[in-house]
Amino acid sequence: MKVYGPPWGKPIFSVDIHPDGTKFATGGQGEDSGKVMIWNMAPVLREDDEKNENIPKMLCQMDNHLACVNCVRWSNNGLYLASGGDDKLVMVWKRAAFIGPSTVFGSSSKLANVEQWRCVTILRNHTGDVMDVAWSPHDVWLASCSVDNTIVIWNARKFPEMVTWLRGHTGLVKGLTWDPVGKYIASQADDHSLRVWRTVDWQMEANITKPFSECGGTTHVLRLSWSPDGQYLVSAHAMNNSGPTAQIVERDGWKTNMDFVGHRKAVTVVKFNPKIFKKKQKNGSAPKPGCPYCCCAVGSKDRSLSVWLTSLKRPLVVIHDLFDKSIMDISWTLTGLGMLVCSMDGTVAYLDFSLDELGDPLNEEEKNSIHQNIYGKSLAITSTEAQLSTTIIENPEMLKYQQERQNSAQANLGPGSAGPESSAPKLNSVMNGESLEDIRKNLLKKQVETRTADGRRRITPLCIAQLDTGYGNTSLLLTSASKIEPMKALDSRFTERSKATPGVTAAISSIAGLTISALKDIKTKDDTSSDSEDKMASINKNLSFSKRKPETLMDGGEVVEKRKKGRPRKDKMAAPIAQPFTQPSRVAAPPAPPAALKLPTPSIKKAFSLQVSMEPAVFLEVENEVSLVAGSKLSQLRCSRDGRDWNTLLPSSVVTAAGSSSSLCLHRFDVVAVACQDRMLSVFSSCGRRLLPAIQLPTPVSALHCTAHFVMALTAGATLSVWDVQKQKALVKNESLLTILSGADTTVSQSLLTQQGVPVIGLSNGKSYCFSSSLETWTLIADKGDSLVQCADFRSCLPTQDALVSPGPLAVMQGRNLNAGRLASRLSSTPHHLQQSMTMAFLENQLASALTLQSAQEYRYWLLIYARFLVNEGSEYRLRELCKELLGPVHKSAATAWEPTTLGLRKRELLREVLPVIVENLRFQRLFTEYQDQLELLRNK
Amino acid sequence: MAKVQVLNVAVLDNPSPFGNPFQFEITFECMEDLPEDLEWKIIYVGSAESEEYDQVLDSVLVGPVPAGRHMFVFQADAPNTGLIPESDAVGVTVVLITCTYRGQEFIRIGYYVNNEYTEPELRENPPIKPDYTQLQRNILASNPRVTRFHINWEGSAERMEDCENVDPTSNSKVPPSCLPGKAPPLGILPDNSMDCL
């Protein structure tokens with residue numbers, strides 16, 4: 001054991017060893033500010049290095065904190081250092097992008113900073129001293145706690161974004177620890193409580209007060225710790241029979257039956273060794289299946305340190321009088337054999353243990369298998385990436401994928417994330433090859449100097465380097481769920497606008513985006529149908545506004561365009577727009593329909609208009625009973641498309657109309673359909689040519705849709721028909737909805753027709769069905785009450801690229817309730833395998849639904865999520881079956897029924913996309929190799 | 001924490017005749033885009049006895065300042081000799097560079113300046129009325145004194161009162177508070193000069 005005292009002699013409040021073990025950080029009081037220092041580990045470990053003057057002891061010091069630094073913590077990846085201090089700030093530091101040592105300007109200190117660490121983010125939110133900070137496993141979050149009684153969770157991938165506050169403590173929060181499997185975070189405060197919070201919904205899981213009720217005197221910190229196997233949480237200062245203890249809290253039921261006793265004063269800090277140990281095998285003796293145990297260091301105000309093994313009843317070692325003042329922090333090396341302890345007295349001690357003393361550390365695989373046994377695979381696997389990376393890669397293709405992955409990961413992290421050699425990144429030069437020296441020679445002449453309005457000199461400084469403080473574009477897995485949000489926007493398209501007079505309609509069309517967004521805003525505020533007046537008022541307000549100020553309109557238009565990013569293509573949106581009569585409120589509200597007519601019908605209006613699409617701008621205008629010729633009333637249908645109009649006359653009043661419009665498709669086959677009072681359905685081409693003779697519907701129409709060259713009619717008699725106008729064939733023939741309309745009050749709340757001509761019906765009971773013409777039956781594609789949807793937790797399998805988020809009919813029908821994993825929190829006590837099965841079932845449902853809906857993009861999207869889930873969960877059989885299905889027979893034979901494509905997607909192409917996913921788990925490298933080889937074989941054929 | 005850190009100040013054209021303009025090449029780093037300009041000033045301390053004789057040689061606005069590292073040369077005319085007490089013309093005085101943001105000074109960099117005759121004869125027998133044309137100005141560039149003040153960078157009404165990190169030259173024998181206005185004789189200057197470059 002060696003003692004190492006930093007020279008400034010002021011209290012050291014925190015110490016933390018870098019994950020790579022080459023350096024450590026201390027935090028504490030500086031001269032007039034807080035001080036963070038980074039030290040070289042080598043001189044601490046080896047005496048020779050200590051004596052060698054060429055080896056720097058101090059690497060960097062940062063005076064930026066205005067007041068005492070209470071906590072320093074390295075991120076798990078070692079790229080960042082977080083510090084929290086009495087100045088209420090949390091600072092995040094990163095190795096900076098300059099080359100070579102430097103000193104602080106104006107400082108007389110000869111100690112140059114060997115490494116440059118620069119504050120990249122200041123996290124301001126606490127209103128009191130920050131006492132502790134902690135990075136979550138995998139550095140997804142950073143938590144900080146403060147004397148303002150709160151804990152703040154920061155989004156560590158998008159600083160300074162805040163995820164949430166954890167409120168509830170009624171006293172100063174002085175310690176934080178994350179559960180090693182990432183399910184919980186625990187905090188200890190002066191309010192005599194230890195609280196455990198769930199990371200799923202950030203609600204409190206447990207509030208443990210009993211062991212702390214006697215706690216009197218305050219300690220500066222209460223650094224609690226979670227055991228590496230996740231089974232135990234050990235508190236700082238607790239009391240048992242008037243004696244200070246460190247309370248052991250069991251994960252199972254948060255029981256508090258055991259504690260570490262023996263310190264004479266309050267325990268300030270507890271720190272578990274990151275390793276799990278097993279009994280050292282004696283030479284020659286037969287290996288005994290000993291139970292693995294953990295090792296825990298406890299530091300106290302009584303200036304002594306005790307080290308415990310959970311397998312022993314007594315401490316392994318107790319060291320008294322190591323310091324002159326209270327112990328403030330403890331940090332283990334990742335190897336588990338070294339420990340740094342710091343004290344108020346301004347010194348840091350290094351303790352060295354041998355394997356004989358602690359036992360044999362389990363390797364990561366063994367540790368992982370313990371995690372797997374306790375928590376299941378999905379939680380465990382995420383904690384073993386480091387270990388997997390050391391697995392031998394057998395296949396060069398696999399290696400390539402791995403390297404590509406690493407490269408892209410590094411690209412995301414930006415410069416400075418590479419290995420130690422390249423970790424002094426290049427100056428982000430903007431000087432076009434000119435050397436700094438050249439610039440400096442002419443700077444005075446070259447610099448831009450202007451005069452301000454009041455005659456003052458103003459110099460534009462020459463930017464010689466941009467900050468490389470970017471965190472890269474690593475998108476957060478957890479927020480990608482919100483990308484599904486835009487789907488909700490579609491719901492607002494089911495909006496009645498028929499009150500508008502034709503003149504106004506035209507105007508609306510020109511600012512369609514604007515009005516739609518306005519409607520959407522109103523809709524979210526108040527979703528009842530009674531405020532349609534307000535909606536119109538709002539539209540008109542927008543209208544009159546835009547008429548007066550066209551430039552404002554442009555602005556508005558731009559804004560709307562921006563907001564629309566990530567939403568589905570306009571032509572796809574056209575379908576829902578095209579049918580203004582399926583507004584949910586309308587259907588829910590109508591007067592009781594006659595018994596024979598199950599579904600409501602739109603009322604007949606004198607005139608109405610609707611917009612089929614925005615681009616190209618297509619409008620339909622209907623004017624009923626427009627002229628009297630020989631006593632018969634004629635109705636006029638007018639269509640305007642990109643300024644070209646056509647119109648036609650119909651012998652009966654038009655009840656509803658619909659049109660399809662595709663802007664991209666070259667061979668477009670757009671249709672317009674109208675249903676009349678006499679139950680006649682007429683279909684016209686986009687130029688107004690009648691395509692089919694009038695179709696007689698069995699009952700009055702309830703809803704009408706056109707998508708591409710498909711026309712769907714839902715009748716009041718609850719029957720559904722779909723025609724393919726191009727092929728002049730019926731896809732669905734008078735199919736009754738009675739099978740799905742079970743229950744007296746159930747009615748149709750939504751209907752749509754996909755681009756592939758698959759009809760989808762959403763019911764008021766939350767279920768959505770589509771009619772599969774190949775199976776000739778109704779199939780359930782979404783159920784809002786489905787507990788699988790709400791319990792499935794596949795967030796970790798979501799793709800990170802925006803492009804992969806796929807809009808489509810499935811998402812439209814599920815959009816609102818696809819907050820998968822929402823209820824998962826309530827099931828936090830659910831055994832892992834149960835949730836795993838639910839997620840699997842849910843994902844398989846999604847795949848099947850996408851397949852029935854013939855929604856290729858969605859199928860591909862869910863397939864990749866499903867594959868990733870199988871990979872994460874290690875479900876080899878399913879994965880293998882999936883690959884087998886995608887690959888198909890390698891050798892052609894007549895007997896095979898294997899189709900090379902599904903929904904127009906080539907299955908083998910899909911397999912090529914799935915393979916990189918498989919690579920993510922090295923366990924499956926054999927599987928990967930097998931299918932990679934077969935794909936190659938097929939390609940060469 | 002200060003959003004602007006001064007990384008280096010290089011004193012250009014030094015030593016130089018008394019009448020030459022001051023030139024400082026200032027390198028600073030800014031953590032985030034500043035919505036307002038920085039205001040830099042050069043103040044010449046005319047006499048150690050009183051702040052009365054301080055002359056603001058010039059002030060410039062510097063901006064816009066995006067996040068990153070920047071440099072500029074701040075040039076200001078030599079002091080008006082008419083405002084300098086004759087007894088203080090020769091010898092040691094101080095020049096200050098200050099920077100303010102939103103009207104709040106957050107850094108003050110001080111240099112000792114030695115004005116002396118180059119001619120040995122004039123050195124021996126300095127004229128009663130100083131001959132500024134013969135004076136040489138020598139700025140002790142190797143020993144800047146930096147004082148940082150904690151200010152409110154956000155621009156809200158809240159004022160920050162505490163002074164941040166007064167003079168990092170902890171081993172300096174000269175307390176920073178006596179820097180402005182009082183120029184101690186060169187003899188007691190610490191010799192642990194640190195080259196800024």
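Yeah, the Cβs are placed from backbone N, Cα and C, and that goes for glycine too.
The average pLDDT computed over the domain 'CAF1B/HIR1 beta-propeller' (A:10-358) stands at 86. Summarising the annotation, TrEMBL assigns domain 'CAF1B/HIR1 beta-propeller' to A:10-358.
Residues or ranges marked as domain 'Protein HIRA-like C-terminal' by TrEMBL: A:688-886.
Sequence annotations record features per position, and here TrEMBL assigns region 'Disordered' to A:404-429.
Counting only same-chain residues 6+ beyond the ends of the repeat 'WD' (A:62-94), those with a CB under 8 A from a CB of the stretch are 11, 13-20, 25-30, 33-38, 104, 117-124, 126-135, 137-139, 142, 144, 146, 154, 156, 159, 220-221, 329, 413, 416-417, 469. Annotation comment: TrEMBL describes A:62-94 (among others) as repeat 'WD'.
Listed as Cβ neighbours of the repeat 'WD' (A:123-164) (distance under 8 Å, sequence separation of 6 or more from its ends, same chain) are residues 67, 70-77, 80, 82-92, 170-182, 185, 187, 189, 191, 197, 199, 202, 221, 223, 382-383, 471, 474-478. Per TrEMBL, repeat 'WD' is recorded for A:123-164 (among others).
Residues or ranges marked as repeat 'WD' in TrEMBL: A:166-197 (among others). When Cβ-Cβ distances below 8 Å are used as the criterion, the repeat 'WD' (A:166-197) is approached by residues 128, 131-138, 140, 143-147, 149-153, 203-209, 211-213, 215, 218-230, 233, 235-237, 247, 249, 251, 254, 371, 375, 379-380, 382-383, 828 of the same chain, each at least six residues removed from its ends.
The repeat 'WD' (A:123-164): residue composition by secondary structure is 3 helix, 22 strand, 17 coil, according to DSSP. Residues in the repeat 'WD' (A:62-94) partition by DSSP class (helix H, G, I; strand E, B; coil) as 0 helix, 19 strand, 14 coil.
Counting residues of the repeat 'WD' (A:166-197) by DSSP class, helix then strand then coil, yields 0 helix, 18 strand, 14 coil.
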